[in-house]
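Below: the structure, in structure tokens.
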Amino acid sequence: MATLQLKQITKSFGDTDVIKGVDLEVNDREFVVFVGPSGCGKSTLMRMIAGLESATSGDILIDGARMNEVGPADRGLAMVFQSYALYPHMTVEGNMGFSMRLAGVPKEARREKVLEAAKILQLEPLLDRKPKALSGGQRQRVAIGRAIVRNPSIFLFDEPLSNLDAALRVQMRIELARLHEELDATMIYVTHDQIEAMTMADKIVVLHDGVVEQVGSPMELYHHPCNRFVAGFIGSPKMNFLDVDLVQSGPEGVRIRLPGGEACTVPVDGSRLAADSPLELGIRPEHLQLDDQGPLAGEIKVLERLGGQTSLYVQMGEAMVTLMTDGDVAHRVHDKVRFGFAPGRAHLFDAETQALPSLHQHPLAGLTRHDNRLSSTSGCQ
Amino acid sequence: MTTTTKHDRLETSSRGGGQAVPARSAKLPFLASANTRKLGLTVLGWTVALLIFFPIFWMVLTGFKTESAAIADPSLIFSPTLESYQAVQERAGYTRFALNSVAVAFGSTLLALLIAIPSAYSMAFLPTRRTKGTLLWMLSTKMLPPVGVLVPIYLIFRDVGLLDTRTGLIIIYTLMNLPIVVWMLYTFFKDMPKDILEAGRMDGATTFQEVCFLLLPLTLPGIASTGLLSVILSWNEAFWSLNLTSSKAAPLTAYIASFSSPEGLFWAKLSAASTMAIAPILVFGWLTQKQMVRGLTFGAVK
């Protein structure tokens, strides 16, 4: 059992508030990913959980016990650093066994434990090497091995894949997911890469400017972002945003006028909208379809063929809109195109950039990586 | 297609230059100038090195001359003799001074490192708003002429019975070298990735273990060169050793000075004594120069 609770955590460096009151609950054996742009405070938050940084106020509870004043080594955590932070003057075995050496574990027992971890990570042939004689992926595995050996109740990963090349990153991603399954431990993972977040997380915590914007399963964040920031941050390519005019609003839907002049009804709850309040329509590139009868029109400015898919960058008046279309689309740059979307796929954001609640829950929104139902802690904050 | 383009470009460039020079040879003047520069730098380097080395060379040479040959017109041709070395050895025991030098130089270096490592650690890894200021203040004490504090220090040393003792010299040398030792260690520690120490902390290391098992082994080249520099500075120090010691604790610098006697300067003997005094540190520097250079450029070359 290892649960983590953060209660009104804040952190200030001098006059700068980096974390502004974070509440979070991490359940046992959950894979939680902190994601956000650089400078959002995600690494600071993780370092506070690790005990490398003290919280200015608030409580950090591990398995219900307050940990604010407990040293990093006594919290039952292990951390994998972005730079791996291997001890360059020690062999792989020395690196992995260092914590036990400090704890005074006899050499034999140490070796046994190291071998056990090395087996999980296929590091056995490398045990006598120094870190500088290892490749990036191998160093990464040693860093993970050093964490495993400590038998922690919670693993912390601080952007562990950002120093690897693209192919290796995919491989390590799969390996980490496998490891999570195998070790059956709670894991907290920090990244700025939303693909890592989407593929690995049971629960994603989107941070922005030291505040939690939304907590939820990857599919929940994708289908029901609770504000414009989350909508724009999750999903690649980024969601398109268009200014639209409000025609009529009510609890059964909001009727809007699109830039081309046509009107459509988006199935969201507009009961709290004031008349003539400014609205922004959000629609993902993959949910826009080329359609000769479509309500939107523009000129293709850039066209990127990826083989299976083609991205079109379409100029629509002032706005540039991205479309993800079929790979075999025959259009060329400067072609005029018309396109549309299913209103159920669209999102509407009010003047405070908050999303209007959707009338229909997406069927996959509650699913995690393991097809498990999420706990009740998820939701907008 | 590509060849034509290249050809076209070459033609254009030679036409643009106003001369029908083939494009390939246009590179040569650049190469020649690089070579000339290299040669120039080599010559300059050797000239400076020889200029610096010449006095030492001349001193060694003079040590092997007779007193009369030493004050005669400078000449490279003479019959070498060990006369001065014998005379010097008879007058004062070299070994005693040398042992004092060794004890004082290494003792003060050890003490300075013991004090400086924890201070540099705290300044590098736990800086406060005043750290930069403290470092600058420490360095500024090096700008004070030592003679300015001679009287108070002499009086203090006299009152606590440290005059003419090795302990006294060790203390004064430690204080003298501490700013530079702290500064050097600070820059070496600063270059150490913080993550590694934090990983150690996560692994359960106490601050002491962190320093012993991680920081010291990883910054050893820096610590070694700092130590070497401190040994050399202490060995060569003359002002305090001449003023605070007389016989018991006098190091080699006092030994040299003792040959500029009131009866006049005996150049050959003075040279012989100086050669003997600097020989150990010269050999020491020679043996450790690789380590020194590596350490001193450790932080600079990144």
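Backbone N, Cα and C define each Cβ position, glycine as well.
TrEMBL entries are annotated by machine, without manual review.
Taken from TrEMBL, the feature compositional bias 'Basic and acidic residues' covers B:1-12.
What TrEMBL records for B:98-288 is domain 'ABC transmembrane type-1'.
Feature annotation from TrEMBL assigns region 'Disordered' to B:1-21.
Sequence annotations record features per position, and here TrEMBL assigns transmembrane segment to B:39-61 (among others).
Non-local neighbours of the transmembrane segment (B:102-123) in the same chain are 131, 134-135, 166, 169-171, 173-174, 177-178, 181-182, 185-186, 188-189, 211, 215-216, 223, 226-227, 230-232, 234-235, 241, 249, 251, 280; each lies 6+ residues outside the stretch with a CB under 8 Å from one of its CB atoms. Among the features that TrEMBL reports, transmembrane segment is placed at B:102-123 (among others).
With a cut-off of 8 Å between Cβ atoms, the residues of this chain six or more beyond the transmembrane segment (B:135-157) that come close are 123, 163, 168, 172, 176, 178-180, 182-183, 186, 239-240, 243-244. Residues or ranges marked as transmembrane segment by TrEMBL: B:135-157 (among others).
Residues or ranges marked as transmembrane segment in TrEMBL: B:169-189 (among others).
According to TrEMBL, the transmembrane segment annotation covers B:210-235 (among others). For the transmembrane segment (B:210-235), same-chain residues at least 6 beyond its ends with a Cβ under 8 Å from one of its own Cβ atoms are 101, 104-106, 108-109, 112-113, 116-118, 121, 173, 176-177, 180-181, 184-185, 187-189, 192, 196-197, 200-201, 251-252, 280-281, 284-285, 288, 291-292, 294-296, 298-299.
Sequence-distant neighbours of the transmembrane segment (B:266-287) (same chain, 6+ residues past either end, Cβ-Cβ under 8 Å): 56, 59-67, 69-71, 83-85, 87-88, 94, 97-98, 101-102, 228, 231-232, 235-236, 252-253, 255-256, 258-260. If you look up TrEMBL, you'll see B:266-287 (among others) marked as transmembrane segment.
Long-range Cβ contacts of the transmembrane segment (B:169-189) within its own chain (Cβ-Cβ under 8 Å, at least 6 residues beyond either end) map to 100, 103-105, 107-109, 111-113, 115-117, 119-121, 123-125, 135, 138-139, 141-142, 146, 153, 162, 215, 219, 222-223, 225-226, 229-230, 233-234, 237, 240-241, 244-245, 249, 251, 295, 298-299.
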